[in-house]
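Feature list (source: Swiss-Prot):
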BINDING   132-261  3',5'-cyclic AMP 1 binding site
BINDING   264-381  3',5'-cyclic AMP 2 binding site
COMPBIAS  38-55  compositional bias 'Polar residues'
MOD_RES   SER92  phosphoserine
REGION    1-131  region 'Dimerization and phosphorylation'
REGION    1-84  region 'Disordered'
Amino acid sequence: MFKSPFGANANPFGGASDGATVGGNAMHQVIEEEENDTVTSPTSPNFGMNAQSMFSGPFGGDASDDVLPSALRSPPNPESYPAQYNFSRRTSVSAESLKPSADTYDNWTPPVHDKTNEQLSRLKTAIAGNFLFSHLDDEQSAQILGALIEKPIPAKDIKVISQGDAGDYFYVVEKGSFDVYVNEKGTLQPGPEGMGEKVGTIQAGGSFGELALMYNAPRAATVISAEPGCTLWALDRLTFRRILMESTFSRRRMYEDFLREVPLLQTLTPYERSKIADALETQKYTPGATIIKEGDPGHSFYLLESGEADAYLGDGKESVKHYSKGDFFGELALLNDAPRAASIVATTDVKVASLGKSAFQRLLGPVEGIMRRTKYDDIKTGVEEMDPLQV
């Protein structure tokens, strides 16, 4: 007779004869075992039976106590798992990598939409103050300007994006304003109240729609025109990811490398360093422009991203220190508001990344704690000097 515990006429509890009814004591024993049993995956190397168990083998029945079934003598082949093996196991949800280099578009070239000089002039004005474009180099800026396409919005209350929809474009507002609505149910609902609560308004120079493109997620809000005669510029999803996100990741890596060289911040953890890198703001200066002025209160710390600059004391005509890519200055502004010890003047086109004291403290707390970690005693950088911090 077939002895499998799950076969016909078999006793799954092993103790009684075939076809017998299991008594209350046996059932009580099984319940006690289940209560005290530690669940172990059958694919783990230490899987086995409790020595006190009434079951003979790892799956009950007539299996031998000292010989494991052949399926357990070697690591299991994933392809041989039963069809129902993963039925109740958790599954993972994946999206596109946020790292643009993971995208494989070897032959990709940015689209180009012809524009008149008047359109280009308007577009440059529209994106001039947008933080997403502030760190782009000249080539990337030209690619963005070429890829953007004009979208006139002639009337009020036109839906540009709807909450819950898939994201396909990123938008820059050139003219007019747009209201933002969020429904707590996560999607646009039917009826006059279906858009949910108004949470904000986007004015000229602002932008929207980037989150759905960055995270491959549904639109998080509904955006409608708040007045007639609005103008948008739209950037397609692929160009957004390839140019804007690629430049963002490259800039973050560069800033993190710069921050590693700042003595004041050398003990930051990688996570703290990435937070600071994301908070840095890009500013540009033309040759001869003053970046910081001697005697002014110090509120920000600067990393020289590109270009060159010189430091001058008083009315001196000779530089007392030269700065190039990767150098930093003004870091003591993170500690106190003492006046600047020198003036820093751009000698070429310069791009700097700045971080204010308030932003630093908001992210990492008082800088004194970082300095105690760093043991910043007797360190002098740039043209600024400081009293050693007593620790």
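For all residues, glycine too, the Cβ spot is worked out from N, Cα and C.
Considering only the binding-site residues ILE149, ASN183, ALA217, ALA234, PRO339 (3',5'-cyclic AMP 2 binding site) has ALA234 as its nearest partner by CA-CA distance. Under the DSSP three-state reduction, LEU264 (3',5'-cyclic AMP 2 binding site) is assigned to helix.
The region 'Dimerization and phosphorylation' (1-131) scores a mean pLDDT of 52 in the predicted structure. Closest by Cα distance to ASN183 (3',5'-cyclic AMP 1 binding site), from the binding-site residues LEU264, GLU294, ALA309, SER324, SER354, is SER354. Straight-line distance linking the Cα atoms of ALA166 (3',5'-cyclic AMP 1 binding site) and ALA279 (3',5'-cyclic AMP 2 binding site), rounded to a whole number, equals 28 Å. Here the Cα atom of GLU294 (3',5'-cyclic AMP 2 binding site) is found 44 Å from that of ALA234 (3',5'-cyclic AMP 1 binding site). Around SER354 (3',5'-cyclic AMP 2 binding site), taking its Cβ as the centre, 19 other Cβ atoms fall within 10 Å, counting all chains. Most Cβ neighbours within 10 Å among the binding-site residues ILE149, ALA217, ALA234, ALA279, ALA309: this distinction goes to ALA309. A Cα-Cα distance of 21 Å separates LEU264 (3',5'-cyclic AMP 2 binding site) from ARG251 (3',5'-cyclic AMP 1 binding site). The Cβ of ARG251 (3',5'-cyclic AMP 1 binding site) lies under 8 Å from the Cβ of HIS135, ALA277, each on the same chain and at least six residues away in sequence. Checking each of the binding-site residues ALA279, ALA309, SER354 against ALA217 (3',5'-cyclic AMP 1 binding site) by C-alpha distance, the shortest gap belongs to ALA279. The binding-site residues shown are ALA279, ALA309, SER324, SER354; of these, the one with its CA atom nearest the CA of ILE149 (3',5'-cyclic AMP 1 binding site) is ALA279.
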